[in-house]
Amino acid sequence: MMCRITPLIMSALLVATLSACSGDDGAQNTQAQKSEAPPRPMPVMTIQKKDIPLNRTYASKLRSDEEVTLVSRVVGTLEARHFEPGDIVAKGQLLYSIEPDRYQATVHEREADIESAKAELYRAQRDAERFKRLLSQNSVSRQDYDQAEADRRTAAAKVSQAEAALASAQLDLEYASVTAPVGGRISLSEVNLGNLVNSGDELATITPLNPLEVRFQLPQKDAFELRHQLGNDQAVSEIKTRLNSRDSQRHLDGHLKFLGSRVNEGTSTVQASAIFDNPEATFLPGQFVRVSVQNLKRFNVIAVPEDAITQGLMGPQVYVLDDENKARARTVQLGDLAGHQQIIVEGLKEGDRVLAGDIAAIEPGTTIEPQAYTPKSDTSKAESQDSSAQPNKAKQAGDA
């Protein structure tokens, strides 16, 4: 049976065919427009290794390096106290009197003993000289002469013994008047007036408030870099330390005093200390503070702007331009953050061209029109990073 196609059916088929063709042409035009999108202007930096300064902050506690506990060195009654608790005392200032009159009397007694011993020595010397002349005349026996000579030597020894006793008495007299070995703020008295003081009893504590010392622990990486820097006289002058209170309202400037030569196996840290002038007693020993080591350098490293880093499926990444100026994502390993600069440990090399602007809208394969990169004004100024709370971006990215 023959099928007949009416003109109406033919018209419908023709319209459908034309519509399909028109749809294909539109998709092709859209794809062409997308592929022909103009290059996107973006600041681009060329990677070069350089020295990067950064600040590291460590938690610690203040101490007074010259704090002294006064201890009695004689036995006696505490007769006088020459200060008020909390006073600022000067070095050499009289603080306590422990029966000085009694010890002064002992000194006089020992001086008299010396005079008596010297008189006995004089007599023994005259006798020895007389027996020596008589011996030469055979008027006395050799035994008598030897006895006279022995008496002379015994008398001389007693003089020396008396002189030693006098020196000891004079020392006790000096100890009976307790003076300040250092200047500083003195504590409450541990012994009340009129009480018997024994040798070794604690009397009070003197705490010098200027300067103050901070001892803190450096991670071994920071310690190695700092020791490297200390080997360069020019670099040493750039190292500064700053002391900040917990509320960051007060600070003191100081200098590094000591850097240890051993790594603590348990903590992988190296001990260091810094000294801070504290003329107005702004800070006190025992106070918890944060000490900042400024201009601690990382030598010969690669760094990019912090804004150039984004998070990819494999972790932190940057966009690197290929020979055709197309953006290609590259995974990197992050190091320390120094202000607005992020140190890159692995993933980049010198000569790589990295996008340094706002990369939020960039996709792999985007064609870039390279523009000159202008660092932020404070890029060279390292911001303080707390070593105890430094964020590990690589780990965070891996967890993500």
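Note that Cβ sites are derived from N, Cα and C of the backbone, with glycine treated the same way.
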Check your understanding: TrEMBL tags one of 10-61, 114-165, 322-373 as coiled coil - which one?
Key -> 114-165
Revision key, fill the gap. Model confidence over the domain 'Multidrug resistance protein MdtA-like barrel-sandwich hybrid' (67-207), as mean pLDDT, sits at 95
Review point. Which residue counts does DSSP yield for the domain 'Multidrug resistance protein MdtA-like barrel-sandwich hybrid' (67-207) in the helix, strand and coil classes, in that order?
Key: 72 helix, 31 strand, 38 coil
